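Peer 1: According to Swiss-Prot, the record shows the following:
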| type | residues | note |
| --- | --- | --- |
| SIGNAL | 1-22 | signal peptide |
| CARBOHYD | Asn57 | N-linked glycosylation site |
| DISULFID | Cys96-Cys109 | disulfide bond |
| DISULFID | Cys120-Cys218 | disulfide bond |
| DISULFID | Cys127-Cys149 | disulfide bond |
| BINDING | Asp144, Glu184, His322 | Zn(2+) binding site |
| ACT_SITE | Glu183 | active site, proton acceptor |
| ACT_SITE | Asp238 | active site, proton acceptor |
| CARBOHYD | Asn288 | N-linked glycosylation site |
Amino acid sequence: MLFPVLLLLKLVIGALIIDASALSWHDLKWPRDLRPLAHHDLLYMGQISEEDRGDFNATLRNFLVPRVVGSQKHREVREFIVRSLKDLDWDVEEDCFDGQTPHGIKPFCNVIATLNPSACHRLVLACHYDSLLHKEGTFIGATDSAVPCAQLLYLARSLNGKLQNQKTRGDGLTLQLVFFDGEEAFERWSSHDSLYGSRHLAQKWHEDRTSAERLESCLERSEIANQIDRMEVMVLLDLLGAENPRFYSYFGETQPVYRRLVNIESRLNDAGLMELPRRRRRTNYFSNSSTVGFIEDDHIPFLKRSVPIVHIIPSPFPDVWHTLDDNEQNLHHPTISNLNKIFKAFVSEYLQL
């Protein structure tokens, strides 16, 4: 993601943040019924056992290594993602290609895992798995984006039974996980030196033609001409793992979806299920406010092709962003655990698990 944009956000955020309740955005109709989770289901999603914590931490350790494009560790991380999702009986595709970079031709591979490839519509959760080539030393990128990668795999594992049941319903909706390669610039962020994987995949899916007649249970009035059109919404996770992040709704079109995250966090707080320090009574990660989405990230190539976007990235960025301090020691595990609860409930609610 682009650093000058962060500076711009800090300068104008006071002028641009708008109370969502003052807008008509929350009255927009989403094409799907976003019914709140039943209370007992919310309580279930808000419980994380010690076994779950151990599973998540074990998963995370596989990502807490330098993951520079073209390196051995980068390849091992990709293989771990593929193996983990194949073990859960997901359909896994590797979108591999060679790309021109300031450091010459480099190999890239996006990983796309789809629970039910026949389903017409897709709830897409995404992150990037590569790490920055840092000039000053070994960069781990714990928030950027080891934690988001581990969270996606954790969601697939922890919800596996419910997801497999949903897969057999034939309701035309499925979960898709996308792990982008080559998000980071090799030298200086530009339209050519960044977002290698997402630019390639967006173009590929735009050119991959299909139709509603060939797919399972498309919604009425759905206009499906290519794979891009099957993306009902992309939820992009980035820079997660620092204490007390602050998120905003960056796109009016997806305000109804973003508000589900606000609501879920509030309900989990009401139920006493969030992990809090003694001095705090509630978390307040998901602001009930909107701001203009200036940040450049892997969603941009899809946004340009009219894919609805929810961008879960903190503003401001974590203090450790693009420094060698973005490592395991500076992660805040209670915050990560709280976000895992929110994401589990969100996926369960959206897919009506």
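Glycine too: its Cβ is placed from the backbone N, Cα and C atoms.
Quick one: how deep are these features, and who are their neighbours?
Peer 2: Sequence-distant neighbours of Asn57 (N-linked glycosylation site) (same chain, 6+ apart, CB under 8 A from its CB) do not exist here. Taken residue by residue with DSSP, Asn57 (N-linked glycosylation site) is part of a helix.
Listed in sequence order, Pro107, Phe108, Cys109, Asn110 are the same-chain residues six or more apart from Cys96 (disulfide bond) with CB atoms under 8 A from its CB.
Cys218 (disulfide bond) counts 19 other C-beta atoms within 10 Å of its own C-beta, drawing on all protein chains shown. In the three-state DSSP reading, Cys218 (disulfide bond) counts as coil.
Every protein chain considered, the tally of other Cβ atoms within 10 Å of the Cβ of Cys127 (disulfide bond) stands at 26.
Neighbours of His322 (Zn(2+) binding site), defined as other CB atoms within 10 A of its CB across all chains, total 17. His322 (Zn(2+) binding site) falls outside any helix or strand according to DSSP and counts as coil.
The number of other CB atoms found within 10 A of the CB of Glu183 (active site, proton acceptor), across every protein chain shown, is 23.
Summarising the environment of Asp238 (active site, proton acceptor), the number of other Cβ atoms within 10 Å of its Cβ, over all protein chains shown, is 24.
Asn288 (N-linked glycosylation site) falls within a strand segment according to DSSP.
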Peer 1: Around Cys127 (disulfide bond), which of the listed recorded positions (Asp144, Glu184, Asp238, His322) come within 10 Å, judging by Cα atoms?
Peer 2: Asp144, Asp238
Peer 1: State the three-class DSSP label for Cys149 (disulfide bond), counting H, G and I as helix, E and B as strand, and everything else as coil.
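Peer 2: Once the DSSP labels are grouped into three classes, Cys149 (disulfide bond) ends up as helix.
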Peer 1: Just to confirm: which same-chain residues, 6+ apart in sequence, have a Cβ under 8 Å from the Cβ of Asp144 (Zn(2+) binding site)?
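Peer 2: Looking at Cβ-Cβ distances below 8 Å from Asp144 (Zn(2+) binding site), excluding near sequence neighbours, one finds Ser131, Leu132, Asp238, Leu239, Trp321, His322, Asp326.
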Peer 1: How big is the gap, in Å, between the Cα of Glu183 (active site, proton acceptor) and that of Cys120 (disulfide bond), rounded to a whole number?
Peer 2: 28
Peer 1: Using C-alpha atoms, which one of the recorded positions Cys149, Glu184, Asn288 comes nearest to Cys218 (disulfide bond)?
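Peer 2: Ranked by Cα distance from Cys218 (disulfide bond), first place goes to Cys149.
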Peer 1: According to DSSP, collapsed to three classes, what secondary structure does Glu183 (active site, proton acceptor) have?
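Peer 2: The three-state answer is coil.
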